[in-house]
């Protein structure tokens with residue numbers, strides 16, 4: 001028995017009365033909220049309207065879930081369509097089985113539809129949500145822990161994952177927690193994108209491409225450690241080949257885009273009132289209110305000064321009038337004396 005290890009949950013579902021709350025789905029939901037929340041902050045900082053990220057996510061998230069499931073079912077079709085299998089299980093997404101490659105690809109289609117409806121460029125939106133997607137994946141990977149799936153080779157390290165379920169044909173034991181490795185890697189990718197965006201002012205989809213490239217590096221390494229059944233090409237797992245191909249495409253996009261359109265977009269959302277301060281700068285939500293207060297105070301001071309000047313002029317005129325009356329009386333008396 002290992003002295004130290006990561007225990008697996010006794011079950012992957014909790015019941016709130018008759019309603020099942022599955023750990024896998026719960027992790028995905030948390031990830032979506034984190035991605036939308038962070039993406040919204042970055043979008044507003046770039047000059048967009050609050051709420052735009054969420055509006056487009058309404059399109060991107062369902063498309064992404066469908067794409068992720070399709071990729072999994074197509075690449076592991078024997079789990080659902082081979083002899084003795086029930087094809088209906090292909091629709092049971094809550095039992096696990098989402099391919100990130102399909103989720104990103106079809107999710108991008110949904111995001112493109114949402115962006116066209118709002119009249120904004122897809123690359124700018126993708127840059128805003130890129131680190132949030134990485135953090136969302138970090139949360140989502142814990143769903144594999146709840147389902148006791150997608151772990152690595154057998155090991156005796158202190159952080160080994162104790163697998164108690166044998167539903168996938170594996171012998172219960174201690175294995176590399178690849179879900180944890182990928183979760184930590186995704187956290188690092190998220191912070192890398194934020195730092196690089198702040199340092200190099202990434203725009204026109206380059207922040208998103210950096211996220212894709214960085215994720216592929218970690219995924220290729222972690223995929224090599226996994227021992228679950230997978231298709232192989234030339235002795236290499238299919239997902240490794242996919243990671244290599246997507247990595248090269250992402251790097252190529254960064255290079256070509258930097259030459260063709262350096263810098264960031266000047267306007268990310270036409271008609272937005274706030275031009276933004278940059279994705280790396282904090283958004284001063286009270287700036288407009290402070291400006292309005294200052295303008296009001298200035299107008300009040302100007303009005304007060306004008307009133308005082310008017311009153312001062314009026315008093316001077318009255319004083320001049322009062323001084324003129326005695327003078328006129330004195331002159332009249334002098335003329336009378338001369339006549340006498």
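Even glycines carry a Cβ here, placed using N, Cα and C.
Per Swiss-Prot, the features are as follows:
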TRANSMEM  19-39  transmembrane segment
TRANSMEM  54-74  transmembrane segment
TRANSMEM  93-113  transmembrane segment
TRANSMEM  119-139  transmembrane segment
TRANSMEM  176-196  transmembrane segment
TRANSMEM  202-221  transmembrane segment
TRANSMEM  238-258  transmembrane segment
REGION    266-340  region 'Disordered'
COMPBIAS  284-294  compositional bias 'Basic and acidic residues'
COMPBIAS  295-307  compositional bias 'Low complexity'
COMPBIAS  326-340  compositional bias 'Basic and acidic residues'
Result, the transmembrane segment (176-196) in contact with the transmembrane segment (19-39) (3+ CB pairs under 8 Å): no
Long-range neighbours of the transmembrane segment (119-139), counting only residues six or more past its ends (CB under 8 A): 27-28, 30-32, 34-39, 42-43, 46, 48, 52-53, 56-57, 100, 108, 111-112, 182-184, 186-187, 189-191, 193-194, 197, 202-208, 210-211, 215, 265, 268-270, 279
Long-range Cβ neighbours of the transmembrane segment (202-221) (under 8 Å; 6 or more residues past either end): 100, 104, 122-124, 126-127, 129-131, 133-134, 137, 181-182, 185-186, 188-190, 192-193, 196, 239-240, 243-244, 246-247, 250-251, 253-254, 257-258, 261, 263-265, 279
Residue numbers, six or more beyond the limits of the transmembrane segment (93-113), whose CB comes under 8 Å of its CB atoms: 22, 24-25, 28, 56-57, 59-73, 75-76, 122, 125-126, 137, 140, 143-144, 147, 149, 212, 215, 219, 239, 242, 246
Same-chain residues near the transmembrane segment (54-74), Cβ under 8 Å, at least 6 residues beyond its ends: 32, 35-36, 39-40, 80, 90, 93, 97-111, 113-115, 117-118, 125, 129
